[in-house]
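Structure first, commentary second.
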């Protein structure tokens, strides 16, 4: 399955989603590694099998397997961190902020790819998962690494498009 296959499954009520998928596929704001890593990480984070399969397949022929593995790791580790840190951020009891997380997250310091790319993928997945604390932390790391606001915005735009594709497919499944 490819992005074109995915677009063909998007119903007419979500025509904008199809158009956004097309623009995302041809976007050149990011490096190929950043772009296809986002496809994989956000496809997994969308929790939709069709979206995940299409985007992983799209990336498979365009980047090294290590990029795909690292993007999978970003989605996985953010699945854990986004839940934990969203709780810490939203809980009325601020004592949780001073407690050690006691969660293993070694992959963040040694992702096997450029750390900036891994941070970009982590930011996008954090946006999908709605963890404001994680969004702020990853955006700060990216800005300190001189990543442009346009690149950061592109990553979050990709995340929003990918998530909307998953929702459109779920909505179509109710017809």
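A Cβ is built for glycine as well, from the same backbone N, Cα and C atoms used for every other residue.
Feature annotations, reproduced from Swiss-Prot:
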- 131: active site, proton donor (ACT_SITE)
- 131-134: disulfide bond (DISULFID)
- 134: active site, cysteine sulfenic acid (-SOH) intermediate (ACT_SITE)
The residue listed as 'active site, proton donor', number of other Cβ atoms within 10 Å: 24
Residues that sit under 8 angstroms from residue 134 (disulfide bond) by C-beta distance, when 6+ apart in the chain: 78, 81, 82, 85, 86, 122, 123, 126
